[in-house]
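K.L.:
This is the structure I want to talk about, given as structure tokens.
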Amino acid sequence: MTLSPYLQEVAKRRTFAIISHPDAGKTTITEKVLLFGQAIQTAGTVKGRGSSQHAKSDWMEMEKQRGISITTSVMQFPYHDCLVNLLDTPGHEDFSEDTYRTLTAVDCCLMVIDAAKGVEDRTRKLMEVTRLRDTPILTFMNKLDRDIRDPMELLDEVENELKIGCAPITWPIGCGKLFKGVYHLYKDETYLYQTGKGHTIQEVRIVKGLNNPDLDAAVGEDLAQQLRDELELVQGASNEFDKDLFLAGEITPVFFGTALGNFGVDHMLDGLVEWAPAPMPRNTDTREVTATEEKFTGFVFKIQANMDPKHRDRVAFMRVVSGKYEKGMKLRQVRIGKDVVISDALTFMAGDRSHVEEAYPGDIIGLHNHGTIQIGDTFTQGEMMKFTGIPNFAPELFRRIRLKDPLKQKQLLKGLVQLSEEGAVQVFRPIANNDLIVGAVGVLQFDVVVARLKSEYNVEAIYESVNVATARWVESTDVKKFEEFKRKNEVQLALDGGDNLTYIAPTMVNLNLTQERYPDVVFRKTREH
């Protein structure tokens, strides 16, 4: 049975994001992945912060003139017979809710772990988000060219801390200065590492079979014997890879390598295109939509604002769920019930410019947005339904916003509500006073908000610390108990940008006590957009 051209395009797509703690090697791995996808010719071009981090690939220049930096947001490249979409999840200081929400637009994640450090804080948080949808996870243990922790220990830590089984696919031979390569458990092959080849794709020498004398000659008898001993242990103690369990998010295939030395990344990519799912079905408030449906549907998961005051433009990122996007097509923006013609969508196509006019399920397109599109918006060819599962997350950092000119309260509120619709920040209005509290998950969000209030709304504001530790959305089916709760806790209650009732806790202890005191009230960490 031959698939229709449309279904062939759907089957080729793989959409994933990389999750890691800052400095675990995400930027380097992104660069090496693009190198294998022939999106860039030589690595060493994704620079760190010092040079404003532009992954320079020629097709990314197109939006530069318009002053919107979408450079590293979405990268598409061919690999084997697939088309891979890699969504960037900002790390470091520009970490924000966008990072969380990007994970709702992918079908699979690659978790990168610094093998010298193991599971770190940011990785834990991002994994929690992937668990909301049981997203399949591949794992890459990075930095084998340095001294690392015991590989078995690393697997145990992932299993215990992140509650996901590990199925090693490759196993390291030595580490640091003694790093010799990896053995592939399912191909019964050893791939030998050469140093100094990080910027190019190298021809790797392969030794077939674990008991091959060539292996002892290549890595030394001691390391070869150590490998055989460790593998006996590994095969007895760890999970075998099972594709169904992987797709259910219950086990993660684990690869070892060094992104900097460009070794092992291709083994992981091979696994990704072979095992990761093609575009998955998505739930709406009325039915499930599958990628094979020919009518177009998509949802907005991120809005990127432009910090250049000369361009008021914002780009809404939409994940295509079903159907084919074609230039000039008419789509319905379900929330406002209006039909819009989309003629200038940005498509993120690597190299091949002739296909800029169309996009398929799994692809991400950018819509120009002049304040009319919100996060969570659904676009269809007329069907009235809304995609679910694009969450708001309870913020972890809070500040009070204060005006320099008290007469501008109205503009301030308008600005904050619009910025919260866009996902730049969350805003809370306490019921008991006139404060305005903003919440974020990354500290940079506050600076962005103050700068945008000034440039877009002509409001000069400053932020100051406030006694808030965390927030939870509250609801209850017991009206009487809920009224009592609201009456007794008025000082701690606020409305968010969408007028949803929120409990603002001064300390975690306070939150825990309040939750115990009111078992009939539900305290939620996430809320649907």
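All positions are counted from 1 along the displayed chain.
The backbone N, Cα and C atoms fix where each Cβ goes, and this holds for glycine too.
Feature annotation from Swiss-Prot assigns GTP binding site to 20-27, 88-92, 142-145. The feature domain 'tr-type G' is assigned by Swiss-Prot to 11-280.
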K.L.:
Would you mind giving the whole-number mean pLDDT across the domain 'tr-type G' (11-280)?
P.N.:
83
K.L.:
Sort SER20 (GTP binding site) into helix, strand or coil using the DSSP assignment.
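P.N.:
Assignment for SER20 (GTP binding site) reads strand.
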K.L.:
Neighbour count, 10 Å Cβ-Cβ cut-off, for LEU144 (GTP binding site): what number do you get?
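P.N.:
The Cβ of LEU144 (GTP binding site) has 28 Cβ neighbours within 10 Å.
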